[in-house]
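The annotation active site, nucleophile is assigned in TrEMBL to CYS233. Residues or ranges marked as [4Fe-4S] cluster binding site in TrEMBL: CYS124, CYS125, CYS207, CYS210. Look at TrEMBL and you will find 42-213 tagged as domain 'Phosphoadenosine phosphosulphate reductase'.
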Amino acid sequence: MDLTLSYETWEKAEKPVFSIDNETKGAFNVLSWAMEHYGDDIVYACSFGAESMPLIDLMMRVRSNVRLVFLDTGLHFKETHEVIQKVKDRYPGLEIQLMQPELTVEEQAEQYGENLWDRKPDQCCHLRKIVPLERALAGATAWISGLRRSQSPTRQFTQFINRDERFHSIKICPLIHWSWKDVWSYIKEHDLPYNILHDRGYPSIGCAPCTRPVAKGEDIRAGRWFGLQKTECGLHGGSPQKE
Ligand code: SF4
């Protein structure tokens with residue numbers, strides 16, 4: 001009998017319960033369980049945002065050969081690529097796979113018109129993020145995400161382990177109990193690399209055309225898709241809602 005907790009076995013499989021330690025608020029226990037339970041069938045979809053830094057560090061404490069993918073939309077800030085290099089330098093054994101969309105930015109402009117992100121951002125995210133993540137998750141039973149409950153109302157019911165309806169997978173979210181302050185305390189305490197744009201008013205960093213700095217006191221995600229009726233790229237459309 002297959003005892004793996006998967007999208008298909010969700011109803012019947014036993015769900016682990018994790019203790020919440022003081023240092024990592026359960027994150028280390030969740031990662032240890034996930035890496036052992038899924039072996040090579042787990043992928044970390046890393047944005048290289050602030051939350052990614054403690055997550056990578058904790059993962060490397062559990063196991064050094066983690067499959068990490070980055071959705072390389074072709075529209076990221078150069079500073080984001082710089083922090084990827086810094087992470088590679090810090091963890092030489094870490095393999096980072098850049099997932100590119102089928103179309104280059106120029107090909108997308110030819111087929112769909114210039115600046116699709118301004119006119120149809122959902123379609124742009126679908127082409128440049130969702131389809132590449134579907135490819136990255138093909139064959140994997142579970143994926144890891146750095147979602148935190150306090151990031152936004154749409155994330156407040158996220159659990160450590162979630163049945164992901166969007167990607168027909170299991171989504172592991174070790175940082176659900178972390179605050180923004182917790183993330184930065186860990187980064188500073190462990191002297192981790194981070195995207196320099198965080199020091200320039202960008203708490204949440206996505207593609208350059210859809211990200212602006214925020215003013216002091218503004219919501220940390222206020223700079224994403226500013227002026228558009230959009231708050232999520234669609235990767236977390238299956239986030240749990242209140243029952
Ligand atoms: Fe396109 Fe903006 Fe989505 Fe990036 S964040 S894929 S530029 S709509």
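Heads up, the Cβ atoms here are built off N, Cα and C, so glycines get one too.
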Reduce the DSSP letter at CYS207 ([4Fe-4S] cluster binding site) to three states and note it down. strand
Can you name the residues of this chain that are 6 or more positions from the residue listed as 'active site, nucleophile' yet have a C-beta less than 8 Å from its C-beta? CYS125, LYS129, ILE130, GLY206
Neighbourhood of CYS207 ([4Fe-4S] cluster binding site), C-beta criterion under 8 angstroms, separation at least six: THR73, LEU75, HIS76, TRP117, ARG128
Just how many other Cβ atoms lie inside 10 Å of the Cβ on CYS210 ([4Fe-4S] cluster binding site)? 20
When you measure from the Cβ of CYS124 ([4Fe-4S] cluster binding site), which residues in the chain that are at least 6 apart have a Cβ under 8 Å away? GLN108, LEU116, TRP117
